Structures are given as structure tokens and as C-alpha cells.
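Structure in C-alpha cells, see below.
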Amino acid sequence: MRGHSHASCEMYAGADYRKSVARRLQFVGFVRGGVMTQRRAMLILHGKQALNEDVRDAVADKRKQGWELDVRLTWEAGDARRLVGEALAAGHRHIVAGGGDGTLRDIAEALALAETQASLTILPLGTANDFARAAGVPLEVSKALQLMDVAPRAVDLGEVGGKLFLNMATGGFGSQVTANTSEDLKKVLGGAAYLFTGLTRFSELHAAHGELTGPDFHWRGDLLALGIGNGRQAGGGHELCPTALADDGLLDISILPAPQEVVGTLRSLLEGGLGIDNMFIRARLPWVELKSAQGLDINLDGEPLSGEDLRFEARPGALQVHLPADSPVLSRAPMLNRPD
């Protein structure tokens, strides 16, 4: 009897121990397909969102669900990269980017440069949220954070001049985005309209001479606009690269050539009720070199970049991102188990 009692004590002690371990695992991780997935994350939040009650409520909900979710705020340039480094050093394998396209670019770049398998969830809190919208990421805070529990997918990044971008590089010549672009120009230019700063008259349009070279691709001439996309849209919903995929190892190139007689041609298109999409020259390339006879203003997910000789390259599978299973920007079947 004594031996039986001793065995029973060991059995119950073992059961208590297993329950204790299970509770710990529920807090810090969960098992999916035999693979332990860490439930420990850091939300890097743009400072302007510090008082966002929806974010506070959603964070509280994730913690109730067993996530150990730390929150850090950005204040100035360089903070996102520093905070990513601190998160990785502390053992976080999951980063949440809370902000707009610029914040997302900074965090994605920092993760890729760290050459880590840590994954990224997108919490779109900016004005445009272009990559998130095109990728099907919910704009509602609580629904966006539900993607933390979805298996990550390997996506590409673009690289130019030592900088990385998740969404798109856009170019307008002597132009930046404003809200003053005339409605007539918006109608005829469509997705390219936002590239032309403060234009109120057709006569203000100016072209520049550029040359683009890639594998089995060469184009040279006068152009009005350029998009080099890993994602599909820029400028708040304008689809410059409407069929781009974020996991195909390629960049989508969209060139809007300048007609010989810019004003007359565009005016004719407008009067005829035609859009300008059929005027774009498009290609899908692993890299492309751009040479411009004039200084080219490039917008890199919100960050300005200038240069007359630039090489854009795709970095395949550079980042693990939690996206909807049916995301329009994904092409490949998901991996069953995430590699450690």
C-alpha cells in the first residue's frame, strides 16, 4: 500500500507539474503542427498613436489571449531600427509595426538587415497604408492584430542605394505629392496623378529623359512617371503596379511615357473620356538600372531618394510577414511549418 501511495503521489505530482508547464506554454507560446511558436511580441508604435484607445484595447485583448506583448514608441528618426535591435536582443521573435508606410518601411528594413527569422505583423495606422491595403490587411486594429496568430509568409523586399523597401519606389520629375492636383488631371492620369505636385494646369506638366535597363529589357525616352513595385499601390490607393506579387522574387516596373506633345495628347485623352492606363509600359524584372539625364525625385515608401544612376533589385524572401491566407499579393502556397 505504501508503495502504491508513493506511486500515486508521484503521479499526481507529475500531473501538477504538467499543468504548470502547460500554463506557462499557454502564456509564452503554443504548439502548431509539432512546432513551438513563440507568443511573445513587441509592438513598435509610431509616437502619434500613443493615445489611440483602439490600440490600447486591442493590446489588452491580445494579452488576455496569452500573448506577452510589449509596446515601445518611436519619437525620432532611427528609433524604429534601434527598437527592432532591442527587441531581437531581448529574444522577441515577433514584431508588430504600428504606423504608416514610413514606419513599416523602417521596421521591415531593420528586420531584414538583422538577418533574423523574426516575423512581422502589420498594424496599419497611417493615412495611406498602401502596402497593407493591397495585401488585404484589415484596417481595423483588433482584426489586424488577429494576423499575429496566422503563420507568416516569406515576402520579398526591394533594394536601392543600400536602402530597402517593402512597397514601392515612385518617381515624378520635379514633383511631389500634394492635394492640389486638379480634378481634370486626376481623371486622365489616374494612378499617376498624385506624382505631379500642385499641378492646376496641363501646361505645368514636364517630362524628363530616362533610361531603364534590365534582363531582356531596355527602354529609353521621355517619361512622366515611374513605379518600381514590390507592392501594388502608392499615394493612397493608386495602383501603379496593379498585378505585383510580393513573393515572386521580382519587381514590377511601370513607366508612363511622355507623348511628344504632352499637353495636346493628355487633353485629347481627357476629352475623349479615356484613361491613361493603356499608355503604361510594364515589365517584371529581378533588377533594373535607371539612368536619368535630370535629377529624379524618388519616393521610397515615404522616404525621399535622389540620384541619376540607380540600381533597383529584388531581395527574394527577405522578410517573414503575417498576411491573410488569401492575400492578393501572395502567389506561393504557405509553408506547413516555419523553419527555426
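Using N, Cα and C of the backbone, Cβ positions are placed for all residues, glycine too.
Residues annotated as domain 'DAGKc' in TrEMBL: 36-164. Summarising the annotation, TrEMBL assigns ATP binding site to Thr74, Gly100, Asp101, Gly102, Thr103, Leu104, Arg105, Asp106, Thr127. If you look up TrEMBL, you'll see Leu245, Asp248, Leu250 marked as Mg(2+) binding site. As annotated by TrEMBL, active site, proton acceptor applies to Glu303.
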What is the average pLDDT across the domain 'DAGKc' (36-164)?
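Mean pLDDT for the domain 'DAGKc' (36-164): 94.
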List only the single closest residue to Asp101 (ATP binding site), chosen from the recorded positions Leu245, Asp248, Leu250, Glu303 by CA-CA distance.
Glu303
Please tell me which one of the recorded positions listed here (Asp248, Leu250, Glu303) sits closest to Arg105 (ATP binding site), measuring Cα to Cα?
Glu303
For the domain 'DAGKc' (36-164), DSSP counts of helix, strand and coil?
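So the domain 'DAGKc' (36-164) is made up of 54 helix, 39 strand, 36 coil.
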Show which residues of the chain containing Thr127 (ATP binding site), separated from it by at least 6 in sequence, have their CB under 8 Å from its CB.
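When sequence neighbours closer than 6 are ignored, Thr127 (ATP binding site) has Gly100, Gly236 within Cβ distance under 8 Å.
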Counting other Cβ atoms within 10 Å, pick out the least crowded of the binding-site residues Leu245, Leu250.
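Each of the binding-site residues Leu245, Leu250 was scored; lowest Cβ tally within 10 Å is Leu250.
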Could you tell me which of these recorded positions, Asp101, Asp248, Glu303, has the greatest number of Cβ atoms within 10 Å of its own Cβ?
Asp101
Restricting the comparison to the recorded positions Leu245, Asp248, Leu250, Glu303, which residue's C-alpha is spatially nearest the C-alpha of Thr74 (ATP binding site)?
Glu303
Just going by other Cβ atoms within 10 Å, which of the binding-site residues Thr74, Thr103 has the emptiest spot?
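Thr74, out of the binding-site residues Thr74, Thr103, has the fewest neighbouring Cβ atoms within 10 Å.
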Around the Mg(2+) site formed by Leu245, Asp248, Leu250, which additional residues qualify by having Cβ within 8 Å of the site's Cβ center?
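My list of surrounding residues reads Asp156, Ala244, Ala246, Asp247, Gly249, Leu251, Asp252, Arg284, Ala314, Ser331.
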Have a look at the recorded positions Leu245, Asp248, Leu250, Glu303 and say which one has the shortest Cα distance to Thr103 (ATP binding site).
Glu303
